[in-house]
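Inspection log for the structure reproduced underneath, given as structure tokens.
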Amino acid sequence: MFICAASDLICLLSCCKAFPVLAFNFEHVRKPFEISMWILLALLMKLGFHIIPRISHVVPESCLLIVVGLLVGGTIKAVEGTNAPVLDSKLFFLYLLPPIILDAGYFLPIRPFTENLGTILVFAVLGTLWNVFFIGGTMFAVCQIDGAGLADVDLLSCLLFGSIISAVDPVAVLAVFEEIHINELLHILVFGESLLNDAVTVVLYHLFKEFSHEGSVSVGDALLGVVCFFVVSLGGILVGFIYGILGAFTSRFTSHTRVIEPLFVFLYSYMAYLSAEVFHLSGIMSLIACGVIMRPYVEANISHKSYTTVKYFLKMWSSVSETLIFIFLGVSTVAGPHDWNWTFVVFTVFLCLVSRVLGVIGLTSIINKFRIVKLTKKDQFIVAYGGLRGAIAFSLGFLLTDSKMKHMFLTAIITVIFFTVFVQGMTIRPLVELLAVKRKKESKGSINEEIHTQFLDHLLTGIEDVCGHYGHHHWKDKLNRFNKKYVKKWLIAGERSTEPQLISFYNKLELKQAMMLVESGSTSKLPSVMSSPPRRRAMPSISKSREEEIRKLLRANLQNTRQRLRSYSRHDLMIDPFEDNVSEVHLRKQRVEMGRRMSHYLTVPANRQEAPPVRKVGFQPGQRNIHKLSLYYDKVI
């Protein structure tokens, strides 16, 4: 019986398939594995770049990453015989570009940006329009040359190419300008232009793309293009504003779930970008508006750990995206296909340089008439030389319909990108040192600096009121008052909505200093109070009667600083209504007193009296000594 059971078991095992101890199924994880390998390659390249400082002082990081992409693409093509994955437009615009723009918009220096907003808009709008039509029109003239082999390229196609190649790329500008540490004015001018010219580029690109398919343009189409520009730019800002307000309002209720606070910042910002792209609005301007609107209210609501998470995750995300973009540019260059035309490529590079220089010089001559701080010749050179092209131009060219003309356009675009990134990017640092251009100064904020900044802002606001000229200081003050009175109550939770600006700034400085000490390991320098739980700040309590007494005293002795004053005119003298109650006797007394003072100051005395001797006195602080000192000076005078 036992033998029969054993034989049945053997037969059963022989019929069944053996259990696999080890299996291999790469196709199941192919896509996430390749994504992880590309990200790991990007991180290793960035790590190696910073380990070798000699290379980083000579060659920009973006150049080395493109070279790595060229090597990787060539290796894959030589080993496998197939092309490596190229920089697809969908991958670029939906996944790689948003982190870089969000990082730039969320940490955008608001004060330099708003103070130079007029100059930035002139360069971004008028400068881009000049580049598009100058390059497009001149390239059409070049295409008419006999023997160039470009007779089939029409005017609308040249204008479409000009709209692709004219815009300054924010990714390339960030990669180069952050390494040379240029001063804040030049950095915000070039980088602000690269951010805001997105609306002009998007409108002109879609406009000329549609016109090139139809083959004709009417006056109505041109007017609709102008309207479309305002819709794309203002619509993108409006979408970002809405999502920024929603993100700030949501962060008001996250005090019990601190873990999910950073996710709201990322998701609301990304939703703003995607919502703008749905309606073909400017996603870049939407993302910038969302980050700028959201940041001050979100930072007042979220915890310190959440703020640190947002800061470092954005920096990490944008850095990885930037690295992948430049590597994919190199890989896409190897992948091709290319259609090389010497005439088209050489004239494209030359006209990009000429149009940039002429545009900056011409616009600066107009801008300097309205600026207090003029742009010097050195500044103009750096602004013109810093107009780098990058992956946005390549992705827009990649979206064109497959044809021989598209391949020629892409070849010329890649050549311009390589020229601006390698030649201009590598030579801008020695040129900045040669011209002795002012560098960025790393200065720590202080309460003293903040007090003087606020004092000057209030002083300039008052001067504008007195002169009757409502400039940007006046409207900035109006906006701050509206923000304190209405917006903060709805978007900031707790007592921080009514916290004075100086106290809030002081708390941020304290927190920043504590973070620096902890990160450096100098925790012994921290005060012992930090270990104890934070206490609520005690607010001074004043009785209602005392408060009303103070208010009456202030009303009686202080002027109304925000009263509307009439502007001065030398042609007519308006009667001040506040002087109606002044009596004639009081005016006569004032004239007599003024005449007596003027005669006293303008009359030369007959005999010059000698100054009384002055004795040095030493005293200890106290009311009695101060009284003695005041009696002594009365006697001397």
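Yeah, the Cβs are placed from backbone N, Cα and C, and that goes for glycine too.
Because TrEMBL annotations are produced automatically, they should be read as predictions rather than curated entries.
The signal peptide annotation in TrEMBL covers 1-18.
Annotated transmembrane segment per TrEMBL: 34-52 (among others), in sequence order. Residues 61, 64-65, 68, 72, 85, 319-320, 323-324, 327 of the same chain sit 6 or more residues outside the transmembrane segment (34-52) yet have a Cβ under 8 Å from a Cβ within it.
Taken from TrEMBL, the feature domain 'Cation/H+ exchanger transmembrane' applies to 39-433.
According to TrEMBL, the transmembrane segment annotation covers 59-79 (among others).
According to TrEMBL, the feature transmembrane segment maps to 91-108 (among others).
If one looks beyond the transmembrane segment (120-142) by at least 6 residues along the same chain, the residues whose Cβ comes under 8 Å of a Cβ in the stretch are 113, 148, 150, 153-155, 158-163, 165-167, 188-189, 192-193, 195-197, 200-201, 204, 343-344, 347-348, 351-352, 355-356, 358-360, 362-363, 366-367, 383. Taken from TrEMBL, the feature transmembrane segment applies to 120-142 (among others).
What TrEMBL lists as transmembrane segment is 154-176 (among others).
If you look up TrEMBL, you'll see 188-208 (among others) marked as transmembrane segment.
Sequence-distant contacts of the transmembrane segment (223-246) (same chain, six or more residues past either end, CB-CB distance under 8 Å): 199-200, 202-204, 206-207, 268-269, 271-272, 275-276, 279-294, 491. The transmembrane segment annotation in TrEMBL covers 223-246 (among others).
If you look up TrEMBL, you'll see 281-298 (among others) marked as transmembrane segment.
According to TrEMBL, the transmembrane segment annotation covers 319-336 (among others).
According to TrEMBL, the feature transmembrane segment maps to 342-370 (among others). Within its own chain, the transmembrane segment (342-370) has Cβ neighbours under 8 Å at 118-119, 122-123, 126-127, 130-131, 134-135, 138-139, 142-143, 145, 148-150, 165-166, 380, 383-384, 387, 389, 408, 411-412, 415-416, 419-420, counting only residues six or more beyond its boundaries.
If you look up TrEMBL, you'll see 382-401 (among others) marked as transmembrane segment. Tertiary proximity for the transmembrane segment (382-401) is limited to same-chain residues at least six positions away from its ends with a CB under 8 Å from its CB atoms, namely 86-89, 92-93, 96-97, 123, 160, 164-165, 167-173, 176-177, 182, 186, 189-190, 201, 205, 209, 325-326, 328-329, 332, 352, 356-357, 359-361, 364, 375, 409-410, 413-414, 416-417, 420-421, 424-425, 428, 431-432, 435, 437.
Below 8 angstroms of C-beta separation, residues 57-60, 62-63, 66, 161, 164-165, 172, 175-176, 179-180, 182, 329, 332-333, 336-341, 344-345, 348-349, 352, 381-382, 385-391, 393-394, 397-398, 400, 439 of the same chain, each at least six residues beyond the ends of the transmembrane segment (407-432), sit close to that stretch. Summarising the annotation, TrEMBL assigns transmembrane segment to 407-432 (among others).
As annotated by TrEMBL, region 'Disordered' applies to 524-544.
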Inset, instruction - Would you mind listing the long-range same-chain contacts of the transmembrane segment (91-108), meaning Cβ under 8 Å and 6+ residues beyond its ends? - result: 170-171, 174, 191, 195, 265-266, 269-270, 273-274, 277, 283-284, 287-292, 294-295, 310-311, 314-315, 317-318, 320-322, 324-325, 328, 391-392, 395
Legend entry - Chain residues in Cβ proximity to the transmembrane segment (154-176) (below 8 Å; excluding those fewer than six residues from its ends, i.e. six or more beyond): 60-62, 97, 100-101, 104, 128, 131-137, 139-140, 143, 190-191, 193-195, 197-198, 200-201, 204-205, 207-209, 211-212, 215, 217, 284, 322, 325-326, 348, 352, 355, 386-393, 396-397, 400, 405, 409, 412-413, 416-417, 420-421, 425, 428
Inset, instruction - Report the listed stretch (59-79, 188-208, 281-298) having the maximum count of Cβ pairs within less than 8 Å of the transmembrane segment (319-336). - result: 59-79
Legend entry - Chain residues in Cβ proximity to the transmembrane segment (188-208) (below 8 Å; excluding those fewer than six residues from its ends, i.e. six or more beyond): 101, 104-105, 109, 112-113, 116-117, 119-121, 123-125, 127-129, 132, 156, 159-160, 163-164, 166-170, 173-174, 177, 221, 225, 228-229, 232-233, 236, 280, 282-285, 288, 382-383, 386-387, 392, 396
Legend entry - Close approaches to the transmembrane segment (281-298) from elsewhere in its chain (Cβ under 8 angstroms; 6 or more beyond its ends): 93, 97-98, 101-102, 104-108, 110, 170, 195-196, 198-199, 202, 231-233, 235-241, 243-245, 247-248, 251-252, 264-265, 268-269, 272-275, 310, 488, 491-492
